[in-house]
C-alpha cells in the first residue's frame, strides 16, 4: 500500500489505483479487491453476513461479520432458528482440538468445541486456509428467528478470544497464510431501508486492503487505543451543531468501540440522556412519547411524509492521528430514525436507532451504515470515509469534516485503568479477598511448628489465566 496526502488527513489506497488491484506481499500474485465488492448481505437489524465454504467437501454457510468479538464459530448441530449447519463428521479435513469453549454476549451465548478445518470464501481472498473453528452445540438467544446467518466471524483481536488469547483468530490466520496486509475494510449499505427487511441489502468486506470505489473523499484515521475491541477515543458529541458540553471521559466510560455486530448506536447512560434531551429540544416535534426514546414504542407517520426533516444531525468527534487535531463523523436522522414496520397502506413506523448502555459507547450499524470503515491493524488505527451507498432519496446521509483543534478537550479522554468493566470489578474484589485469605494462611503457617508444615509440589500450583480474560459486552 502507498500513502498520499489528503486534506488534513492521510488517505490510503492500494497499489494499482482505482482498478482495485493490490500486490499481496511475498506471493507475487494479486488480490482483486473488486471481487469482494457486494460480498455481504443482510440488514442493520439482524446483521450483515458473508458466504463461506467450510470443510471437505465444502459446506456453504452464511457467517455474520462481527468486529466486536474474536471467535469464528458456526452452528454444529440442527437448530430451529438456522436453516443450515456445519457437520464436522462430513468433512475429511476437520480436526477436533477437544477444547470446550463458551462465549457470552450482551444478548445471547453459545457453547461448543474448538477444532480446525479448511475454508474458502467465494467472494474473498483466493485459496483455501486452515482456520480455528468452534462448532456451536448449545446456544441461548444467539440464533434468532428470521436471521439468515449460521455462524459468526469475530474480527477483533485475540485478547477477546475464548477460551484464551492463545486461540489464533480467523483474520490473524488469514494474514499469516495468505500473506495479505494486516488490514480489512467494511461497507454496510442499509441507509434508509427497513431495519429487518428482505435481508438482501448490499455490503462489502474487503480482506487485506482498501477498495477505492467504496468511498468518497478522504479517509480520516483515529488511533486504536487498546487492541482488544477496536477501542477509539471520542472527544465530544454534538446534536444539531450544539455541543453536549459533557466531560469527554463520559463518552469513553468505560470504553468506546467500533462494532459491526451491534445494531444500534449505544451510549453511556449520562450521554444517552443528554442526547435524548438535545434531540427532543431541537426537533420540530413538540410532544413525544418517552417510550420511543427507550425503544419500547414505535413512532408512525403517513407514508407520504418524510419525518427525518423533523430531527437534527448527530456528530461524533474522534481524535485524529495528530493528537492536537480531531475530525467529526456526522449522521443525519435518516440513519438513526429507522423504518421498521408498515401498517396498512398508509402508515410507516420508525424506531429510535440509539440506546443506552451500562458500560460502553458502541459505534454500531446505526452509524457504520453511513461510512466505509477501515480497520488498519498494521498501523493501529480505524479509518472513516463517506460511503457512496449512504444515500436516501438521492441525498447523502453522512458527512466527515475536519480537522478541528483539540484545545477545548482534555489531552486524554480515556481512563488508563478501565475498572468500570463489571467483570474486572468482580475479579478485583475476588483477588483482594484471595490475597487476604492467603495472608491469613501464611500467618497461621508461621505460627505452626515446622514439622507440621506441608512441602508444596508443582501439582499444588494452579495457574488459570483464562479466568481473568475480559468477557465481551456490548
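All positions are counted from 1 along the displayed chain.
Each residue, glycine too, has its Cβ placed from N, Cα and C.
Annotation source TrEMBL lists domain 'Peptidase A1' at 48-385.
Look at TrEMBL and you will find 189-389 (among others) tagged as disulfide bond. Residue 389 (disulfide bond) counts 18 other C-beta atoms within 10 Å of its own C-beta, drawing on all protein chains shown.
If you take the C-beta of residue 413 (disulfide bond) and look for same-chain residues 6 or more apart in sequence within under 8 angstroms, you find 233, 234, 235, 248, 249, 251, 252, 319. Among the features that TrEMBL reports, disulfide bond is placed at 248-413 (among others).
The disulfide bond annotation in TrEMBL covers 300-349 (among others).
Per TrEMBL, N-linked glycosylation site is recorded for 322. Residue 322 (N-linked glycosylation site) counts 13 other C-beta atoms within 10 Å of its own C-beta, drawing on all protein chains shown.
What TrEMBL lists as transmembrane segment is 423-448.
Per-residue pLDDT, averaged across the domain 'Peptidase A1' (48-385), gives 94. Across the structure, residue 389 (disulfide bond) and residue 349 (disulfide bond) place their CA atoms 23 angstrom apart. Residue 300 (disulfide bond) sits 24 Å from residue 189 (disulfide bond), taking the C-alpha atoms as the reference points.
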